[in-house]
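What follows is a set of notes on a single structure, which appears directly below.
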Amino acid sequence: MVIWIILLVMTAAAVMAVLWPLSRHYAVAGQVDPNTQFYREQIAEIERDRARGALLPSEAEAAKAEAGRRLLRANGLQDAAVAAVGEPALRRRRAASALALSVVPVLAIAIYGAYGSPHLLSTPSVPVSQETAKLDFGTAVAQIEAHLAQNPQDGRGWEVLAPVYMRMGRVEDAVKAYESALRYLGPEANRLSNYGEAMVLAKDGLVSVEAQAAFERAVALDRTAVKARFYLARAAEQDGQIEKAKAEYTELLSASPADAPWVAVVREQLSRLGAPQPGSAESGGPQIGSEDIARMVSGLATRLETQGGSAEEWARLMRSYAVLGQRDKAAATAKQARQALAKDEAGLKTIETMARELKLIDSAP
Amino acid sequence: MLVEAGHFALALALGLSLIQFVVPLWGARANDPVLMRVAPATALAVLACVGFAFVALTAAYVTSDFSVLNVVENSHSTKPLIYKISGVWGNHEGSMLLWVLILALFGAVVAVSKNTVPARLQANTLAVQAAITFAFLLFILTASNPFTRVMPAPGEGQDLNPLLQDPGLAIHPPLLYVGYVGFSISFAFACAALIDGRIDAVWARIVRPWTLTAWAFLTLGIAMGSYWAYYELGWGGWWFWDPVENASLMPWLAGTALVHSTVVMEKRDALKVWTILLAILTFSLSLLGTFLVRSGVLTSVHSFAVDPARGSFILGILIVFIGGSFALFAWRAPLLRQGGLFAPVSREGALVLNNLFLATACATVFIGTLYPLALEVLTGEKISVGAPFFNFTFLPLIIPLLLLLPFGQTLAWKRGNFLGTAQRLYAASGLAILVTLAVLAFTAGGPVAAPLGVGLGVFLILGSLNEIASRSWSKGSPWAVVWRKAAGLPRSTWGTALAHAGVGVTVIGIAATAWGVESLGTMKVGDRLKAGSYEIRLERLLPRVEANYREDVAILMVSRNGQELGNLETMKRLYLTRGMPTTEAGIMTVGLGQVYASLGEIQPDGSIGMRLYYKPLVLLIWLGALVMAAGGAISLTDRRLRIGTPVRAKTLSAASVAAE
């Protein structure tokens with residue numbers, strides 16, 4: 001409520017700033033015209049300069065003559081009559097007052113109504129929740145970050161923070177956090193698997209060489225590390241070694257209890273690769289969006305083929321094909337990209353880097 | 001609550017500025033002093049409103065009120081207080097608010113100087129100024145509102161761009177904005193004169209302090225920005241001919257021309273139309289600078305937000321004001337009375353030459369900056385115009401200007417004598433040539449351009465002081481008399497001499513860069529790297545953690561010819577919230593030169609990349625700018641009237657030319 005009164009008072013004060021000069025009487029007499037005043041002062045200045053000896057008498061005379069001529073002209077130009085009295089002046093004053101009374105409040109309220117947040121007026125600026133120590137998620141993250149900034153050697157802290165980053169979509173930060181956790185807490189199968197997974201997500205699903213190395217280390221430490229073995233199978237699939245991928249998926253499936261949560265996902269992979277599935281032939285789980293992905297990829301491909309695009313877009317298409325396991329298409333895309341970007345040296349470099357990353361060596365020009 | 005009140009105050013200011021635009025113009029047309037008097041009252045009210053809004057935003061930053069989107073995006077609760085405050089204008093929205101605040105502040109100063117400014121001129125000026133205020137307030141409120149709220153408020157902000165977390169941010173933008181916006185007053189006065197169809201020496205007298213203030217601040221702002229880039233970006237360069245830098249250099253060149261042509265107008269009532277045109281041009285270039293920097297047409301540390309909607313809005317403002325003022329000029333300028341006459345060889349003639357050189361130099365920078373942009377828009381082809389272009393075009397224009405400067409300063413008003421002037425500069429030019437030869441001999445085998453540049457600088461300094469000396473010293477007079485005479489000279493004379501000497505100081509600093517030495521290397525602890533006679537030894541390499549960043553610090557021992565001078569630290573920082581790295585150069589000042597070390601990448605084997613420069617006399621570049629601005633300030637304190645004292649012609653020469 002108080003705020004509304006304050007806004008009202010502010011509006012009134014602003015309008016008054018306009019009305020006040022309009023309401024005062026204008027005193028014509030006693031005003032100095034700065035125009036003529038200037039030349040009078042100039043002439044006086046010339047006199048002073050001559051008295052001090054700064055000007056020769058002849059110079060002073062010439063300067064005085066010039067200033068005198070200008071003074072005469074300024075006198076002639078003086079506003080002959082000031083139209084401050086009479087009926088028209090009164091009408092003008094009323095019109096100006098009406099303008100101020102309407103324009104200032106209406107414009108202010110219209111603009112403030114459109115862009116302001118009047119519903120927040122009644123709530124105090126600082127949220128009360130902070131004082132009652134009810135910290136929200138973002139604040140908690142910020143506090144952990146601040147703590148880690150002071151103590152970067154706290155591996156436990158990094159390990160707590162990393163999955164939080166993953167959930168927040170800050171995948172790059174998650175990779176770094178897992179890296180720090182590994183550095184200070186040492187390698188461990190689960191930690192390595194999570195680290196690898198973060199790297200895979202950071203590359204839109206591509207199992208890079210570094211990620212593969214992490215998974216291999218994880219499996220070396222613990223043969224039963226499911227996540228690591230799953231991604232290793234993915235890596236084989238992306239490298240075009242379909243048979244190897246199938247074998248690894250199958251092995252993973254046979255080693256897992258039937259009700260394990262990952263069984264459905266592994267089965268789905270197998271059915272996608274067209275392999276006969278061991279055990280009960282359940283439906284391979286919901287095909288989450290793989291059709292949508294395929295449609296998006298083909299859309300991008302059509303657009304790039306017809307209209308062309310940036311090197312980054314070509315590289316993304318190559319990677320998408322590789323992730324979908326269509327290595328031949330990825331190689332074909334690389335070829336097309338090299339033709340389309342023939343004149344763009346930096347672009348070609350991007351394509352080559354991606355080709356190397358995807359191990360598309362067979363498609364080299 | 002305060003935030004919302006601030007937002008509302010800004011909306012009120014919009015309405016008030018509309019009134020301040022309409023009513024006084026109407027009053028001036030109807031010759032009604034009551035309506036005209038609305039102008040100063042509303043100008044003060046606008047300042048109160050905008051000032052309140054600015055205070056409200058600053059309070060939100062200081063208390064880390066993360067319900068304000070602008071604070072979330074540009075602040076962090078662990079940031080030091082000074083960066084919380086300077087962060088207010090370290091972003092697009094806040095900097096536009098600062099722009100308008102300075103605009104309102106200057107308007108208010110015009111409003112309270114009622115005894116020196118004629119009422120009509122004041123009313124028209126404030127009306128034009130209100131139009132600018134209105135346009136920018138509308139832009140702020142509708143397209144880049146700093147008071148946008150977020151609910152629920154996030155617990156922490158995203159921090160300020162690390163490059164801007166520096167004392168430089170607290171100083172550089174306000175200085176630059178006072179410069180830019182100061183020219184808006186000259187612009188408003190020029191438009192007012194055109195609207196009224198009347199312009200005279202009184203006008204020039206009123207405008208001069210504004211132009212001079214704006215010019216001095218712009219000089220300081222550019223110098224500050226240059227020094228900031230020098231130590232913060234870690235490349236060791238102080239001027240890159242970057243479009244953003246050029247955007248501030250163009251109004252400076254035009255403004256320098258304006259400062260000089262106003263003098264001619266005040267003293268001799270000549271060059272009126274040209275002065276008006278320059279005033280319009282200078283502010284147009286300021287607006288163009290704002291557009292280039294703010295619209296995202298250029299990407300740099302200055303373009304905080306790339307948003308096409310904002311770009312087109314500013315482009316609209318640009319077209320309305322530049323187009324409008326030029327239309328007004330084309331329509332009304334022929335009505336202005338022509339001014340006084342002068343001979344080609346005279347102080348006026350020299351100042352016209354100065355204006356021509358400066359305007360051409362400005363046009364060169366303009367083409368070099370905008371041509372690549374225009375080409376990219378039209379053909380999509382990207383070209384980059386860099387230092388070579390400017391060295392080939394800008395320098396050949398500036399060097400003759402500088403060479404002629406001492407002559408112009410010595411010439412008499414109205415009719416001058418070139419030979420007499422040259423005679424009076426015998427001593428200065430002789431000494432300058434002597435210095436050049438001495439430096440050449442001393443640095444034999446080095447770059448030839450450097451001694452010539454130093455000679456030019458010395459000539460400029462001596463030529464400037466020559467004016468003071470010749471007016472106060474005569475053969476045989478005792479020192480006390482000389483001193484009294486010198487002290488009795490008008491302060492504007494001292495200001496002129498100082499500002500021109502400042503140019504000379506900067507020229508020496510620039511020329512000396514040719515003697516700079518640079519070396520690159522990878523170092524391990526205990527290794528040494530040499531540049532010229534200076535050597536650094538890597539003492540230690542250690543990590544350090546601060547509130548909002550962590551850094552790797554290289555501690556170096558600097559020595560010259562085996563004699564140790566002290567420690568130097570250079571850092572590689574990582575700002576945690578943005579995950580952004582910065583390099584902090586280590587700088588040691590030795591005399592007027594600097595040893596500059598910049599840390600490169602840290603290799604896995606613990607060795608570091610290091611760049612080491614020794615830059616002799618480099619501080620002179622910025623000290624010169626300080627001296628220039630000081631000259632402007634001294635001239636500003638001179639409230640005496642300027643009187644042109646024409647020398648009577650011995651023979652009536654027919655060589656007089658019309659001023660316009």
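Just so it is clear, glycine is given a Cβ too, placed from its N, Cα and C backbone atoms.
Under the heading transmembrane segment, TrEMBL lists B:38-62 (among others).
What TrEMBL records for B:89-295 is domain 'Cytochrome c assembly protein'.
Outside the transmembrane segment (B:96-113) by six or more residues, the chain places 10, 13, 39-41, 43-44, 46-47, 50-51, 53-54, 57, 88-89, 122, 125-126, 129-130, 132-133, 136-137, 139-140, 144, 146, 173-174, 177-178, 180-182, 184-185, 188, 210, 290, 294 with a CB less than 8 A from a CB of the stretch. TrEMBL lists B:96-113 (among others) with the feature transmembrane segment.
Summarising the annotation, TrEMBL assigns transmembrane segment to B:125-144 (among others). A Cβ distance under 8 Å defines the sequence-distant neighbours of the transmembrane segment (B:125-144), meaning residues of its chain 6+ beyond its ends; these are 10-11, 13-14, 17-22, 24-25, 28, 39-40, 42-43, 46, 50, 92-93, 96-97, 99-100, 103-104, 106-107, 110-111, 117, 184-185, 187-189, 191-192, 195, 305, 307, 309-310, 313-314, 317, 320-321.
Below 8 angstroms of C-beta separation, residues 25, 28, 95, 98-99, 102-103, 106-107, 110, 121, 124-129, 132, 203, 206-207, 210-211, 213-222, 224-225, 248, 251-252, 255, 258, 275-276, 279-280, 282-284, 286, 289-290, 325, 328-329, 331-333, 336 of the same chain, each at least six residues beyond the ends of the transmembrane segment (B:175-195), sit close to that stretch. For B:175-195 (among others), the entry in TrEMBL reads transmembrane segment.
Positions annotated as transmembrane segment by TrEMBL: B:207-229 (among others).
Among the features that TrEMBL reports, transmembrane segment is placed at B:249-266 (among others). Residues of the same chain lying 6 or more positions beyond the ends of the transmembrane segment (B:249-266) and with a Cβ under 8 Å from any Cβ of it are 179-180, 183, 186, 201, 203-205, 207-208, 211-212, 214-215, 218-219, 222, 272, 274-275, 278-279, 281-283, 285-286, 288-289, 339, 347-348, 351-352, 354-355, 358-359, 361-362, 365-366, 369, 632, 642.
Taken from TrEMBL, the feature transmembrane segment applies to B:273-293 (among others).
Through the fold, the transmembrane segment (B:313-331) approaches residues 131-132, 135-136, 139, 142-143, 187, 190-191, 194-195, 276-277, 280, 283-284, 287-288, 290-291, 294-295 of its own chain, all at least 6 residues removed from its boundaries and within a Cβ separation under 8 Å. The transmembrane segment annotation in TrEMBL covers B:313-331 (among others).
According to TrEMBL, the feature domain 'Cytochrome c-type biogenesis protein CcmF C-terminal' maps to B:315-639.
Residues 267-268, 342, 345-351, 353-354, 357-358, 360-361, 364-365, 368, 421-422, 424-425, 428, 456, 459-460, 462-464, 466-467, 470, 496-497, 500, 503, 507, 644-647 of the same chain lie 6 or more positions beyond the ends of the transmembrane segment (B:394-413) yet place their CB under 8 Å from a CB of it. Positions annotated as transmembrane segment by TrEMBL: B:394-413 (among others).
Sequence annotations record features per position, and here TrEMBL assigns transmembrane segment to B:425-442 (among others). For the transmembrane segment (B:425-442), the residues of the chain that approach it from at least six positions outside its boundaries are 406-407, 410, 448, 450-452, 454-456, 458-459, 462-463, 466, judged by C-beta separation under 8 angstroms.
Residues annotated as transmembrane segment in TrEMBL: B:494-517 (among others).
What TrEMBL records for B:617-636 (among others) is transmembrane segment.
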Long-range Cβ contacts under 8 Å made by the transmembrane segment (B:494-517), restricted to residues 6 or more beyond its ends, are 402, 405-406, 409, 443, 446-447, 449-454, 456-461, 463-465, 467-468, 531-532, 613-636, 638
